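Listed features, source Swiss-Prot:
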type     : residues                                                                       : note
ACT_SITE : SER62                                                                          : active site, phosphoserine intermediate
BINDING  : ASP12, SER62, ASP435, HIS436                                                   : Mn(2+) 2 binding site
BINDING  : HIS123, ARG152, ASP153, ARG183, ARG189, ARG255, PRO256, ASP257, ARG258, LYS329 : substrate binding site
BINDING  : ASP394, HIS398, HIS453                                                         : Mn(2+) 1 binding site
Amino acid sequence: MKKGPVLLAVLDGYGFSKDTKGNAILNAKTPFMDNLVKEYDHCYIEASGEYVGLPDGQIGNSEVGHLTIGAGRIVYTGLSLINQDIKTKKFDSNKTLLEAINHAKKNNSNIHIMGLLSPGGVHSNEQHIFEMIRIVSENGLKPVIHVFGDGRDVAPQSIISSLERLNDVLKKYPGTIATISGRFYSMDRDKRWERTKQAYDNLLGISNNYFDNPIDYVNKQYSENIFDEFLVPARINDSNVVIKDNDAVIHANFRPDRARQISHLFCGSTVYEEKNDHPLKNLYYAIMMTYEGITPTSILFPTVVVKNTFGEVVANSGLTQLRIAETEKYAHVTFFFDGGVEVDLKNESKILVDSKKVKTYDEVPAMSAVEITDKLIENLDKFDVIVLNFANADMVGHTGKYNEAVLAIEALDSQLARIDQKIKELNGTMFITADHGNAEVMLDDDNNPVTKHTTNPVIFISNNKDVKFNKPGSLGNVAPTILDFMGLEIPADMDKKSLLKK
């Protein structure tokens, strides 16, 4: 192995674009990264679409980005798997979906479909919801729909178009839109249980915020400067369509991290201790894919185990490793990076740094980068391999606040400089990449804020003069390259090659 620790820093949402308009990364003052790019060899690697197991042209995301980096190969996940089953009509006979339908029939109860109504393809795809509506209808039931607003992976004010498409589906396959809630409430992942419970209570009909027409309600929220992500949970005033005992519920989100908390309230888990004051009896609760630690009735698409990940190779080589991130991205350097499973590897340590308790991260663009760096420097000499995530470019990028995103990038740059200095003192090497783009495109052609991810490539660079890169590449090449640099054998399961120039 190369002397000194080897560190992989994943800069979440740090994409590359030559276009300076709305580019918080190029326009920020980043003396460390500027010098690194000037003095050290580097390449730009693909982080979206077919390169990370998504449909061609689909924006990358943190889940598949970290999964691909850690696996050293393309792993076909939620969106592609489900799309394929829909295309081949295999979805029509999905065992769990039919069991949920039969449960509702047997109990003379409702079947509910809830999830992010968005074409974004990051946490869900509205087409999957439309297909489930069709299948439920063709099996003789009228589904009840619970809409989660997006506004992050798509434009901040785009849900009306999705609702119009949903209404077109419901004209052919009758059902009811019963509730609406912004993902801020229904998809929290930071243990802000007051948000999750507000969404949950709305689904159960405990709240008293009503609407007559969902599109009218959204327009009213818009008039109050409340957009899709933050839509206040509301429902129609009809006790027959609330979620209650004996019902069947299908959570249509395939990405787990933002689906776990609300699922815990419905079906319990091994990861949360939060008490549910309104538990339901004889509920058939189905989830689209495995949400680690959640204990549903059944899963439509159980996770396929990824073997011989980067972390496993390091552990099996007898080396020590550290994973470190703040709350918002902790699951990405652990669960996703390890192939979509919760695992404690031999000689592995994990450090979770609390995310700041703010509504949105434009309020504190530095996020917890300083605290992460402090903890890292304190522990750097204790480990052979370190994987860390800095969330700034992604989480502040998602707010659509350009000036704050610039501040986020500048804060990030100063922490990378600190890490660079320390790792060089230890005769170690730092590799830097990103999981997808975001903060490099903060404005559209009409100067409207952009909050979503991009399809742009990301940088792959090292602070070691001896490291030279072959080109081109993708996120799948990162793990083989670092293993090659360390002198470790690249497992056959990693079908992507090292980019290390010999």
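Counting begins at 1 with the first residue displayed.
Each residue, glycine too, has its Cβ placed from N, Cα and C.
The model shown is predicted, which means the values in this text are computed figures rather than measured ones.
Features recorded in Swiss-Prot, as mapped to the structure shown.
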{"residue": "ASP12", "record": "Mn(2+) 2 binding site", "DSSP (3 states)": "coil"}
{"residue": "SER62", "record": "active site, phosphoserine intermediate", "DSSP (3 states)": "helix"}
{"residue": "ASP153", "record": "substrate binding site", "DSSP (3 states)": "coil"}
{"residue": "ARG189", "record": "substrate binding site", "DSSP (3 states)": "coil"}
{"residue": "ARG258", "record": "substrate binding site", "DSSP (3 states)": "coil"}
{"residue": "ASP394", "record": "Mn(2+) 1 binding site", "DSSP (3 states)": "helix"}
{"residue": "ASP435", "record": "Mn(2+) 2 binding site", "DSSP (3 states)": "coil"}
{"residue": "HIS453", "record": "Mn(2+) 1 binding site", "DSSP (3 states)": "coil"}
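Proximity note: of the listed recorded positions (SER62, HIS123, ASP153, ARG189, PRO256), SER62 have a CA within 10 Å of the CA of ASP435 (Mn(2+) 2 binding site), given in sequence order. The least crowded of the binding-site residues ARG258, HIS453, judged by other CB atoms within 10 A of its own CB, is ARG258. The Cα of PRO256 (substrate binding site) lies closest to that of SER62, out of the recorded positions SER62, ASP394, HIS398. Excluding the listed site residues ASP394, HIS398, HIS453, the same chain places ASP12, GLY13, SER62, ARG152, ASP153, ALA393, MET395, GLY397, HIS436, ASN438, ALA439, THR451, LYS452 with Cβ atoms within 8 Å of the centre of the Mn(2+) 1 site Cβ atoms. Note: the CA-CA distance between ARG189 (substrate binding site) and ASP12 (Mn(2+) 2 binding site) rounds to 17 Å. A Cα-Cα distance of 12 Å separates ARG258 (substrate binding site) from the residue listed as 'active site, phosphoserine intermediate'. Close to the recorded Mn(2+) 2 site, the chain also has VAL10, GLY13, ALA47, GLY60, ASN61, GLY65, HIS66, LYS329, HIS332, ASP394, ALA434, ASN438, HIS453: residues not among ASP12, SER62, ASP435, HIS436 whose Cβ is within 8 Å of the site's Cβ mean position.
The most crowded of the binding-site residues listed here (ASP153, ASP394) is ASP394, judged by how many other CB atoms sit within 10 Å of its own CB. Listed in sequence order, GLY13, ARG152, TYR361, ASN438, THR451, LYS452 are the same-chain residues six or more apart from HIS398 (Mn(2+) 1 binding site) with CB atoms under 8 A from its CB. The separation of ASP153 (substrate binding site) from HIS453 (Mn(2+) 1 binding site), Cα to Cα, is 6 Å. Ranking the binding-site residues ASP12, ASP435 by how many other Cβ atoms lie within 10 angstroms of each Cβ puts ASP12 at the bottom. Counting every protein chain shown, the number of other Cβ atoms lying within 10 Å of the Cβ of HIS123 (substrate binding site) is 27.
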